[in-house]
Amino acid sequence: MYGIEYTTILIFLISIILLNYILKSVTRIMDYIIYRFLLITIALFALTRAQNYGLNLPITGSMDTVYTNSTQEEVFLTSTLCLYYPNEASTQINDGDWKDSLSQMFLTKGWPTGSVYFKEYSSIVDFSVDPQLYCDYNLVLMKYDQSLELDMSELADLILNEWLCNPMDITLYYYQQSGESNKWISMGSSCTVKVCPLNTQTLGIGCQTTNVDSFEMVAENEKLAIVDVVDGINHKINLTTTTCTIRNCKKLGPRENVAVIQVGGSNVLDITADPTTNPQTERMMRVNWKKWWQVFYTIVDYINQIVQVMSKRSRSLNSAAFYYRV
């Protein structure tokens, strides 16, 4: 009789111990699942709130200035549209209320008053140094000038694409370009860039590394120069550092909230450096009118079709057409 009672008590104790072990195991498993879920949630939240490119730094100004980087799509009551145009447009129109008139016309196309901004620039070369593209959608009007074809092409290549750039210390290092998307971009009040290609013994190819006058000039007295050299070859670079900066840049892809409208000219400018690629891009357009009123009327008429080939901005743009990302 006592043996049966002892056995019952023993089974009861073993059951309690086993149940306690099971409960602890379940608790540990639940803790693991909960912690993993929280970790994944936090990681996904971080990825959706910030991009993984690092800090965004402007092409002009101090490299110590940090700008907010974000891929979050802010909720706007309305999209903003910026029109950039040469000052000759307002001079030719000669009407103090012309912007208000155009705003009323944009209203008929679904753009509320106050959502369209008109920004004037003095010249293509000056605009190329500090484009300042502020809006969700940015339309840059460039009047065709045969003498400025290369400047227009370089500016279009600059603002229609997104670039990943790093500073270059040309006094200490040689540099080489790794591929077609790799370019050196120099900007300033006056940029003269000379290069000396080097062989495997770091001796100049057709130039003397100790004689700057023997270097090959690839840009002279320009405000914006996108320099392309032979890939895979080290180069010694000479630059007017007092009036110009140079960066080692890689083209990441299109900046789809920017479009260029060429006013005049027989064909849309080719902005590609590679002669084997198709130069056409949907965001490089042309209108062929002599009067600026007609140009703006055409833009108002086709604004929604133009915007359809663009994408709303995913990050704030300030101080320059693109960011250096380090």
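Any Cβ shown, glycine's included, is placed from N, Cα and C.
Counting Cβ atoms from all protein chains shown, Gly206 (Ca(2+) 1 binding site) has 9 others lying within 10 Å of its own Cβ. Sequence annotations record features per position, and here Swiss-Prot assigns Ca(2+) 1 binding site to Asp95, Gly206, Ser214, Glu216.
As annotated by Swiss-Prot, Ca(2+) 2 binding site applies to Gln177, Asp228, Val229, Asp231, Asp301, with the evidence given as sequence analysis. For Val229 (Ca(2+) 2 binding site), the same-chain residues 6+ apart in sequence whose C-beta sits under 8 angstroms from its C-beta are Gln176, Gln177, Trp184, Val195, Pro197, Val218, His235.
Taken from Swiss-Prot, the feature disulfide bond applies to Cys82-Cys135 (among others), supported by sequence analysis. Shown in sequence order, Val116, Tyr117, Phe118, Lys119, Leu133, Tyr134, Cys135, Tyr137, Asn138, Leu139 are the residues of the chain, 6+ apart in sequence, with a C-beta less than 8 angstroms from the C-beta of Cys82 (disulfide bond).
Just so you know, the Cβ of Cys249 (disulfide bond) picks up 25 other Cβ atoms within 10 Å once every protein chain is counted. Cys249 (disulfide bond) carries a strand DSSP state (E or B). Positions annotated as disulfide bond by Swiss-Prot: Cys165-Cys249 (among others).
Cβ neighbour count for Cys191 (disulfide bond) (all protein chains, 10 Å cutoff from its Cβ): 24. Marked as disulfide bond by Swiss-Prot: Cys191-Cys244 (among others).
According to Swiss-Prot, the feature disulfide bond maps to Cys196-Cys207 (among others), an assignment based on sequence analysis. Other Cβ atoms within 10 Å of the Cβ of Cys207 (disulfide bond), summed over all protein chains shown, number 20.
Residues annotated as N-linked glycosylation site in Swiss-Prot, with sequence analysis given as evidence: Asn69 (among others).
If you look up Swiss-Prot, you'll see Asn238 (among others) marked as N-linked glycosylation site, on the strength of sequence analysis. Counting every protein chain shown, 18 other Cβ atoms lie within 10 Å of the Cβ of Asn238 (N-linked glycosylation site).
What Swiss-Prot lists as signal peptide is 1-50, and the listing cites sequence analysis.
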Cα distance (Å, whole number) from Asp301 (Ca(2+) 2 binding site) to Ser214 (Ca(2+) 1 binding site):
54
Which residues of the same chain, at least 6 positions away in sequence, have a Cβ lying under 8 Å from the Cβ of Asp95 (Ca(2+) 1 binding site)?
Ser101
Nearest recorded site to Asp231 (Ca(2+) 2 binding site) by CA-CA distance, among disulfide-bonded residues Cys196, Cys207, Cys244:
Cys196
Please name which of the recorded positions listed here, Cys207, Asp228, Asp301, is nearest in space to Cys244 (disulfide bond), Cα against Cα.
Asp228
